[in-house]
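Here the structure is laid out as structure tokens; the discussion comes afterwards.
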Amino acid sequence: NETIQREFILLGLSNNPKTQVALFILFTSVYTIILIGNFLIIVLVLTDANLHTPMYFFLSNLSFLDLCYSTSTIPRMLRDLLSANKVISYGECVAQMYISLSSGVSECVLLAVMAYDRYVAICYPLHYTTIMSKVVCIRLAVGTWIFGFLQSIFGVMVIFKVDLCGHNKINHFLCEVPGVLSLGCGNIIFVELLIYIIGIIILLTPVTFIATSYVNIILNISKIASSSGRRKAFSTCGSHMMVVVIFYGTAMASYMKPRSSSLPGTDKVIAVFYAIVTPMLNPIIYTLKNNDVKAAFLKLI
């Protein structure tokens, strides 16, 4: 029953025509917000001298990753919502998985780097400019991208080496690891175990690092004498923690569980959160209470 697939069919979020139209309108609006919000952050960081700091440098990298991630998934999903032909070629499926996986892995590492930046800023303020120099920030950012895009090559090769059974219908709205892996036939326990181990390394390692950083941050914030200083420090870190909880929580729910416990409907809803909702929330969460960004925006206008 093993076969070499040349194309796949993405079943999408719904097969109800009215629901598909409603979802098309909803996700078109969401994608517009993602494009405007993240592109605006990149422009502001590049053009405003007051935002030429490590925190905003990493934030602009996060915005670019979110643009890559969402653009690799949402336009294809929007097309499928209004089309009867939901066929995606083998090459397109590989490319979509690689780009989305690379962006996601890079974002995992980048969020840990951003936590380290806040840790140094709050716990070692007098040494901050020395530790987080321009050269160090560039190296951290480049290292994040290199790790994400190199590691994902291995991940995609492992997934598409799995022997696929006769059918080619992926019960998902994108070519993602759990969806493609569900087509595997025979004993794929080794591949599932390998994906699980990779998930532990890529997801749990940064989460542990972030948690350790924020424990130290909270301990140092509690020592700040002024209440306004504590509020400012908590405000800066609170937005980052919100992004971490949403992104890592949903990613772990999708990747760190056996195939036998996966429910296609649940997996698709979870994927919506880290592939679509998080890229939309990032610019809102990071800028809503940020006076520096609001000032830069008013100056740009």
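Placement of Cβ uses the backbone N, Cα and C atoms for every residue, glycine included.
Sequence-distant contacts of the transmembrane segment (21-47) (same chain, six or more residues past either end, CB-CB distance under 8 Å): 13-14, 56-57, 59-60, 63-64, 66-67, 70, 74-75, 77-78, 81-82, 276-277, 279-280, 282-284, 286-287, 293, 296-297, 300. The transmembrane segment annotation in TrEMBL covers 21-47 (among others).
The domain 'G-protein coupled receptors family 1 profile' annotation in TrEMBL covers 37-286.
Panel annotation: around the transmembrane segment (93-116), residues 8, 55, 58-59, 61-62, 65-66, 68-69, 72-73, 76, 140-141, 143-145, 147-149, 151-153, 155-156, 159-160, 174-177, 180, 202-203, 205-206, 209-210, 213-214, 240, 243-244, 247-248, 251, 274-275 of the same chain, lying at least six beyond its termini, place a Cβ under 8 Å from a Cβ of the stretch. What TrEMBL records for 93-116 (among others) is transmembrane segment.
Under the heading transmembrane segment, TrEMBL lists 136-160 (among others).
Positions annotated as transmembrane segment by TrEMBL: 196-221 (among others).
Feature annotation from TrEMBL assigns transmembrane segment to 233-256 (among others).
The transmembrane segment annotation in TrEMBL covers 268-288 (among others).
Long-range Cβ contacts of the transmembrane segment (196-221) within its own chain (Cβ-Cβ under 8 Å, at least 6 residues beyond either end) map to 105, 108-109, 111-112, 115-116, 118-119, 122-123, 151, 155, 230, 233-234, 237, 241, 244, 248, 251-252, 255-256, 258.
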